Structures are given as structure tokens and as C-alpha cells.
Amino acid sequence: MGSGSSSCAPKTIYLDVDGKVQKVLFSRHCSPCDITELLCSSSDIPRSEDMFQNVLSEVAEQFSRAFRINELKTEVTNRLAMLEKRVELEGLKVVEIEKCKNDLKKLRDEMTSRAGGRVNCPCKYNFSDDGKKLTPRRDVPSYPKYTLSQETIEALKKPTFDVWHWEHNEMLSCLEYMYHDLGLVKEFNMNPITLKCWLLGIQENYRSNPFHNFRHCFCVSQMMYGMIHLCNLQEKLTLKDMGILMTAAVCHDLDHPGYNNTYQINARTELAVRYNDISPLENHHCAVAFQILSLPECNIFANVDPEAFKQIRQAIITLILATDMARHGEILDSFKHKVDNFDFTNEEHVTCLKMVLIKCCDISNEVRPTEVAEPWVDCLLEEYFMQSDREKSEGLPVAPFMDRDKVTKPTAQIGFIKFVLIPMFETVMKLFPQIEEIMVQPLRDSRDHYEELKQIDDAMTEKKKTENMSLGGKKK
């Protein structure tokens, strides 16, 4: 239906009646009756007032609907515009949040490198975000390449290597060099880019704990590399064994929360529940290691056949689980029974040796020169005190050797060196006598050093007691 009009012109109405268009003309002075008459005559409908009223009502209703539709369109358009604005704002927020996260990560890495890796981790260990660090890298790894000098290459092979002088990218380059130097890249047909990506994934999944951090990972891996050379293991073990030893060392403390198994079990953490109180941390380290390896861009064993990978996986798990100090006596006793008649062709003997080797490397700091070893004691005590403070606040048992009110640096080290380190390294020395001068003697010297410090501490304590008693006597 349509109509056209002006202030003086006759009125024109077009009506569609049964598919037939009818044109009605009338002047603006026509009365309602005239209009009714004209409409009825033009459309051959009876002259009925009711009929005409119905037509007009329908026309009015259609006009009303048209207006309502326009109003709805306007309302919908306005609401869509508002939603688009909100989406845009939310999108900007997400971008800002991601930018903040990246800035924080850069700041944390900078603080870590400046402080030698000693930045406290968050106190609460939230296991629900275990996987969030394992985001696949779609880019080609690009950590700054550090070119190793001949002096560094030679130093890397020795237990005296100073691990405190290196930035993260330099440690990554050293680890990369070790894999190439030992022939592991060639043996396992590793893609060099994949090796870089895997190492970056490893670094990202070590937390910034005072002790159990990426520098500790590097420290243990470098000691393993040094022992391989010192003990001539390339001549006695297979390249597959070398790869298992190095990879287990690199992965052995992945995502360590800074609180040991005793805390996990006593606090009934999610890890303790998940692994039924059986080596919860070591099981977690294994799980994270193989989560990283499950990413195609990080799978350094991608070109190994499935059966060989199954054996490699089981061997790495065995070695990482062996680092649980709760199993120390069991593993060392087993090795003692084999060492006098050790057979390098016996798979059980070799597995036991590899377990002892990773244990030696894991707790080998005191083998290094005092200026390298002693800062690690400070780091370890800092982490211990964090745990014992938390245990006190949560009403959990506190181990005396972790209690800041009871332990000193000498008392923390003397018993550990005398009853754990020296017996284990002296047992390994039976199989590899060449380690005595370079590894065992420094442990004996370290024991003597801390015993002297303890004597000084005891003398100072006794002197203070005497002075206090003397002052007390004078007051009386």
C-alpha cells in the first residue's frame, strides 16, 4: 500500500484488491462519507461502514508494525554496537594482560640472572597449573648463541667448573655443546633445532627457587658430563647409556616446588595424593619431563624407533626416581654388593651404576672448590628455612636440619659429608680409582673445613656462655 499527497493537490490512494490495483482520487476537502463512497465504488465492495472500518484498521495495524520493526532494528543496532565496543575493550584487556605477563617474565629472568638464580618462588604450590608452562613453541628458538672458547670446553669436563659465572643463555649453549660433543645428536638423529627448543622448554620448567632451579640442573648435568670424561665411560657404556645419563640429569628436578617430599606427604598436597606418598616429587619430575618430550617441536627422540624409545623412557624414569634420598641406603647397598665383581656387560650392574652416578652428580656440590660449593649451602639453607617456616605456620613436623633456630652451616654439612657423600664416592672410587684426587679428596677437605668452622662456632658459643655467667654473677 502506498499514498502520495501535497497540501493542495488531490489525494491519491492505491489499493491492492485481490491482486488488482485500484486508484482512488479525492480532494483534500472530501468528507469521510465521500471517501467511503469513493472507496466502495472503486473496489466493487458493498457500501458498508463496518467493512471500511476493518480496512482502515488493518491499514493502521500495518503502519504500526512497520514502525515497531524500525524501532526494533534501531534497538538491535544500538545493542550490537555496545557489544562490539565491549568485545573490543575486553580484547584490549587480554592484550594488556599478556603484555604484563611477558614484562613480568622478562623482569623475573633478569632478576634471576643478576642474583645467580636466587629468586624466591611463590609460597603456594598450585598444582592445577602444571601444564600451563608446556605451551608448544611455534617459533624457531633464538636464545643468544654463546661461542665456547677452548678454555671453556676443557673446563666443562672438570668437577672444578665454576657454575656461578654463566648466564642462562650461556648454560643452554654449554648443554647443547655437551650433546653434540658426546655424539648424542648423531646417535639419536636429533634435529639441532629440536635440541635447542627442548633445552628452552627445560629451562622454562625450572622454577626460580633458591636451590632447585635451572642453575642446579646445569650443575648436575655438567658434573655428569665431567664424570663421563673422567671415568672414560664412553669406552665402557653405550651411546644410548650416555644419552640416558645426560637427559636424566637435565630433567631430574623439573618443576621442583621448593618443598621436599616430607612436606608434600605431611601436608597431603595434590602431588602426594596423586603418587600415593611414593616419591611424589621425583614422579612429578618424570611426568613433566615426558610432557615436554611429547611436544613434537621438543621431542629430541622423535627419530628413535618406538621400542628403543620405550627402553630409553623407562631408563630415564629409573634414574630420576633414584634421586629420592629416601632410597639412598637401598641403592648404595645394592651397588656395594656389585662393585667388587662389576660386569659392564651385565645390564643389572650397569643400571645400578647409572643410578649411583646420577645420585653422585645430584649431591656433588661439595666436590667443587670451596668458593663454588659454599654459596650452594646458603641457597639450600634458604630453601630449607622457607619450608620449615611454612611447616611451623601450618602445624606440621619440622626436621631439625631445616630449622633456622637449630641448624648452622657447619652442622648442616658435616654429617652429610661424613655419612652420605664420602661413603658413596669412596664406593664409586673402587670402580674408578681416578676420581680419588679430583672428587674424593675435595670431599675430605670440605669435611675438615666445616669441622674447623664448627670448633670455632663452639668456642664462640662457650665464650658467650662464660661471659653471660660472669655478668650474671656480678649482678647478684
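Going from the start of the chain as shown, residues are counted 1 onward.
In case you wondered, yes, glycine gets a Cβ from its N, Cα and C as well.
Under the heading active site, proton donor, TrEMBL lists His212. What TrEMBL lists as AMP binding site is His212, Asn213, Phe214, Arg215, His216, Asp253, Asp362, Gln413. Under the heading Zn(2+) 2 binding site, TrEMBL lists Asp253. Per TrEMBL, the feature domain 'PDEase' maps to 136-457.
Comment: AMP site residues His212, Asn213, Phe214, Arg215, His216, Asp253, Asp362, Gln413; largest CA to CA distance 23 Å, whole number.
For the domain 'PDEase' (136-457), the model's average pLDDT works out to 96. Between the candidate recorded positions, His212, Arg215, His216, the densest Cβ environment within 10 Å is the one around His212. Between the CA atoms of Gln413 (AMP binding site) and His212 (active site, proton donor) there is a gap of 18 Å. Cβ neighbour count for Phe214 (AMP binding site): 23 (other Cβ atoms within 10 Å of its Cβ, all protein chains included).
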